[in-house]
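Notes to accompany the following structure.
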Amino acid sequence: MEHTEKSQVHAEKGLLGKIKRYLSKRPLPSPTDRKKFDQDFAMSTSFHGIHNIAQNQNKVRKVIWLAVVLGSVSLLVWQIYSRLVNYFTWPTTTSIEVQYVEKIEFPAVTLCNLNRFQTEAVSRFGIIFFLWDIVSKVLRLQEISANNTGSPETLDFVTNHQNFSITEFVKNNGFYLNNDTLVHCEFFGKTCSPKDFKHVFTEYGNCFTFNYGENIQNKNKVSVSGRGLKLLLDVHQEEFTDNPVPGFADAGVIFVIHSPKKEPQFDGLGLSSPVGMHARVTIRQLKTVHQEYPWGECNPNIKLRNFITYSTYGCLKECKARHIQRLCGCLPFLLPGNGVECDLLEYYNCVSPILDHIERKGLCTMGTHNSSCPVSCEETEYPATVSYSTFPSQRATRFLAKKLNQSQEYIRENLVNIEINYSDLNYKITQQQKAVSVPELLADVGGQLGLFCGASLITIIEIIEYFFTNFYWVLIFFLLKILETIQRTSPPQAV
């Protein structure tokens, strides 16, 4: 045991001796050399004012220059601190620019009949309105009366019609668009037809979108303001109906104007045109660009699986679809994705409660950067101004009644005239921008260095080199002192 301790002491002394010999090979400068080093730095540095302190023999002038330098450094530190504090508040500015163009892209227009289902089909399935409210709940949260959900009629229908396809029912018995319902269609002076519309499902059942997607880019531009899309629709009030209590009591068409790259969103955004009216819609194109966090609230890294372009509405639909598919094992047909379609029993027992759970727990939120669906980094909107006039006039009523082989009363109660035009051939860009970028911050800091101290990046490197050299000398000095102390306090080695 004693032999082991002696070996350890000998090894430690040997190691300490090697370190001491290594450090001793780096001779420390003498006090005279260190003073000369400090003097040379003061005389050669590009930090203005220091050489005036070093070379002045007059003590008063030396003190004045010392006060000037310290004051300048204090102001410099204060200015740089304020710049950094301002930068890390992530300030932004908003720029608005109006771009005039020769041709401007025309938006997509999605329209639906406020009377959603055929009267004959509704008479056979009187509960269809309530069932559709349950199904369309995936698009908009709505209160479903507890009395209705638990009514014997509802439970009996859901239990005995598990193979009932709400999708097929709506598609076959909802509003349709053909040459009878689309009486006249004109886009920029050219005739259009039902083939130019794409069928989509919304909370209004069967809807139809003009200029949807990216497959008609050669068709969706107009070059003259005041000309655009003209539609004359027949809503067939006698053929289609709706329940005035949970449904709609109006007769006419609801439509929404949106980007061709995005799905229609009606909730709170739809425009209505009643029968017997001519709706003149004047639109403008407004593009908005948001900054990513921390300057703004958008997240450019979020991509949607089922949509080409990100939108908050599309993101919310995908979010709901993920939760429902995971917890219910099926997918509502109004939501995007691939999966087994939910039947009525699954809608009733699983989908509807899960939607309430998602809302209560905030599982699909929108708006801020840390929400499920933050705001879009880029979005295009079409603010609209709508004016109405009675349609048709008495003379036009007689003309249309003869042309369509209908009574004048039918013409007044079923026709809807919609006209959508651009007000001007321009679009407005509202862009959120960084108030201070990194290059601007560096330029500002550099300007403060030059203003108060006549310094630059090279000056900072000079100062760093000066302090590093002094730190190196002090470090070696203290290490040598520590080694000497350890060796002196070590017990003498036995012979």
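Cβ from N, Cα, C; glycine included.
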Check Swiss-Prot and name the cysteine among C192, C207, C298, C453 that pairs with C377 in a disulfide.
C298
Disulfide-linked residue for C330, taking Swiss-Prot as the record, within C319, C342:
C342
Of the candidates C328, C373, the one sharing a disulfide with C350 in Swiss-Prot:
C328
Pick from C112, C185, C315: which cysteine does Swiss-Prot list as forming a disulfide with C207?
C112
Intrachain C-beta neighbours of N405 (N-linked glycosylation site), sequence separation six or more, cut-off 8 angstroms:
none
Tell me which of the disulfide-bonded residues C328, C373 sits in the most Cβ-dense spot, judged by other Cβ atoms within 10 Å.
C373
Roughly how many angstrom lie between the C-alpha atoms of C342 (disulfide bond) and C328 (disulfide bond)?
8
Minimum Cα separation from C207 (disulfide bond), reported as the residue among recorded positions N163, C315, C328, C350, C373 that achieves it:
C315
Identify, among the glycosylation sites N163, N179, N370, N421, the residue whose Cβ has the fewest other Cβ atoms within 10 Å in this structure.
N163
Nonlocal neighbours by CB distance (under 8 Å) for C298 (disulfide bond), same chain, sequence gap 6 or more:
H290, Q291, E292, H369, P374, V375, S376, C377
